[in-house]
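K.L.:
Encoded as structure tokens, here's the structure I'll be asking about.
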Amino acid sequence: MGVKKPWIQLQKRLNWWVREQDWNQHVDQLHMLQQKSIWESPLLRAAKENDMCTLKRLQHDQNCDFRQRGALGETALHVAALYDNLDAAIMLMETAPYLVTESTLCEPFVGQTALHIAIMNQNVNLVRALLARGASASARATGSAFHRSSHNLIYYGEHPLSFAACVGSEEIVRLLIEHGADIRAQDSLGNTVLHILVLQPNKTFACQMYNLLLSHDGGDHLKSLELVPNNQGLTPFKLAGVEGNTVMFQHLMQKRKHIQWSLGPLTSSIYDLTEIDSWGEDLSFLELVVSSKKKEARQILEQTPVKELVSLKWKKYGQPYFCLLGMLYIFYMICFTTCCVYRPLKFRDANRTHVRDNTVLEQKPLQEAYVTYQDKVRLVGELVTVIGAVVILLIEIPDIFRVGASRYFGHTVLGGPFHVIIITYASLVLLIMVMRLTSMNGEVVPISMALVLGWCSVMYFSRGFQMLGPFTIMIQKMIFGDLLRFCWLMAMVILGFASAFYIIFQTEDPESLGEFSDYPTAMFSTFELFLTIIDGPANYSVDLPFMYHLTYFAFAIIATLLMLNLFIAMMGDTHWRVAQERDELWRAQVVATTVMLERKMPRFLWPRSGICGCEYGLGDRWFLRVEHHQEQNPYRVLRYVEAFKSSDKEEVQEQLSEKQPSGTETGTLARGSVVLQTPPLSRTTSLSSNSHRGWEILRRNTLGHLNLGQDLGEGDGEEIYHF
């Protein structure tokens, strides 16, 4: 019985995995069965084909059951709505009014009503007819097809109102609200219609629909619809940050923006920092953004006023405190290292019993370890080390439960492996203390490990510097990405060739060929060969087996030439990918560090940033003032663009005239000059690099996307353009 139960659990897990793999096939089968059931049923077929004659005949047929359903549990009204057959749907509602409130019974469309389908198809007339005949504007479609998952291509929520908002039909939205649809309704994930709009791929109409729904948010509610959180505690604003929806984020920020004054190209604005400022919030917006799995979320850090707020906090409080913390940790590690170097040792009392035993010192027992003045000085350092380890654990452990172990240890921007390293180090220090108090031998093992891990943690403080911060992420990605994959390949190669070398030399004299005398030694020698630490560990003064030469030749080609160079290429690719986004990663590191320090530091050492609205009659909210500089005359830039067009056109014409000086080609040149009057945006390679680069700068500036660091590259040297 004890053996059978685990086998049943394993079988259930395998069946679940197979069902997940065959999800698409399962859905395909359901839709095929649906078409089959529609074809076999005269009522469903007539609803699909809008066959009014058949429906009238079935209407007078007493044996016809209008409650019959298809393979998915759908009624004839569902089928008519699915195929946009308004006449058939109206006849069915007149014949069987109860069909209006009927929903689909089978997965994956459980709970779907004809109203949901009509809204999806944006059939306004059918929606109006359904609502007029009593269709519920609050019906919920709870099937798996309406969940937010990788299996589904769309996520429209569960309520008809969210369906209408997601398809972008303002008329249907107004109809539903007039018929009692609750705009504050939440689905099984706790998402309101505003949350669902944030998740839509079409950002433009989502913003328009967002405003429309907010205009209907009235009543005596204590909290605005925008501040209603979902099951994860995310408001629509925070969800936009987590998803990296910069369009929706900017749209919401414009609603919080108040222009104070405008003077020529300068504009002074104040931004409401509600939900943005992480000061005093358990679920920080900034922390949610930097810990998001989506790369687009990091673009939020470049938006106003987030960029200005982070810069203010980092320069005023974050950077000084972080540098001070880094120096304290270095002094702490120096103290720990000194205590380890001068640990209590004495000369060994017992005689050596083996010729290979080279130990001359041993650890002192607890009674002899703290006797002299030097021992008492070391005791002070050891107490500092132990207290520091306890403080580290008290700081780290609450964050593990607050954030979650997987995100806390797995996200490189939040610190990732450094948290594992520092917690392991602190645990080893406490283990050393226990071993010292109990006079247990072998403390050299945790001491050596703690020294390595403790000094490696110093790299964590490099994130305070723009030049060094991204390199720590680069090292992490190489270790946990490239190196792990390479180690799997290396293990297979070493295992295979070590076995081959051992078999080849198994019949030889081990005194002459000690490198492959036994299997463990053969494994280690092959590992050294793989890393080119040693060269061909064989005794060439004796006859070697013929297979050794062939095997060693194959090993040298595969290991040294192929795999090591492959590993170098993999690390080079990782370096290139991280280098492309190094500035973005460093900003994310700065935000994560700022939020961490703000959460840990006492409030009197880290006051709240911004302007309190209470002092100026703006309520209990905080604001940040930002000054913008805008080009006062955009037509001046357009003139620069036209100047570059004409100069580039003349340059191309000169080059073509040099290549085609003969009179027979004049017509071709003339025709070419006509084409050159409207040069394409992608300039020809014959143009000079300075002119081409200048054109790109002006074109991007005109379109409002000027970003020299990202679009035109960095590190190419400073170039000055004279207009």
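Backbone N, Cα and C define each Cβ position, glycine as well.
The model shown is predicted, which means the values in this text are computed figures rather than measured ones.
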K.L.:
Do you know which of 139-142, 271-274, 643-646 Swiss-Prot annotates as region 'Involved in Ca(2+)-dependent inactivation'?
P.N.:
643-646
K.L.:
With reference to Swiss-Prot, specify whether LEU82 and GLN466 are located on the same side of the membrane.
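P.N.:
Membrane side for LEU82 and GLN466, as annotated in Swiss-Prot: identical.
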K.L.:
Match it up for me: which of 106-110, 181-185, 591-595 does Swiss-Prot list as region 'Interaction with S100A10'?
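P.N.:
My reading of Swiss-Prot: the region 'Interaction with S100A10' range is 591-595.
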K.L.:
Ranges 160-180, 517-537, 601-621: which does Swiss-Prot label intramembrane segment?
P.N.:
517-537
K.L.:
Suppose you had to name the range Swiss-Prot annotates as region 'Involved in Ca(2+)-dependent inactivation'; which of 290-320, 693-723 would you pick?
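P.N.:
My reading of Swiss-Prot: the region 'Involved in Ca(2+)-dependent inactivation' range is 693-723.
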K.L.:
Who are the chain neighbours of the transmembrane segment (379-401) in space, where the CB to CB distance is under 8 Å and they lie at least 6 residues beyond its ends?
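P.N.:
Those are 332, 335-336, 338-339, 370, 408-409, 419, 422-423, 425-427, 429-430, 433, 600, in sequence order.
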K.L.:
Can you find at least 3 Cβ pairs under 8 Å between the transmembrane segment (321-341) and the transmembrane segment (550-570), where each pair is 6 or more residues apart in sequence?
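P.N.:
Answer no, regions not in contact.
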K.L.:
Mean pLDDT across the topological domain 'Cytoplasmic' (1-320), rounded to an integer, is what?
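P.N.:
That region's mean pLDDT is 85.
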K.L.:
Counting Cβ pairs under 8 Å to the transmembrane segment (442-462), which of 413-435, 486-506, 550-570 comes out on top?
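P.N.:
When the Cβ pairs under 8 Å are tallied, 413-435 comes out ahead.
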K.L.:
Pull the DSSP breakdown for the topological domain 'Extracellular' (342-378) and write it out as helix, strand, coil residue counts.
P.N.:
10 helix, 6 strand, 21 coil
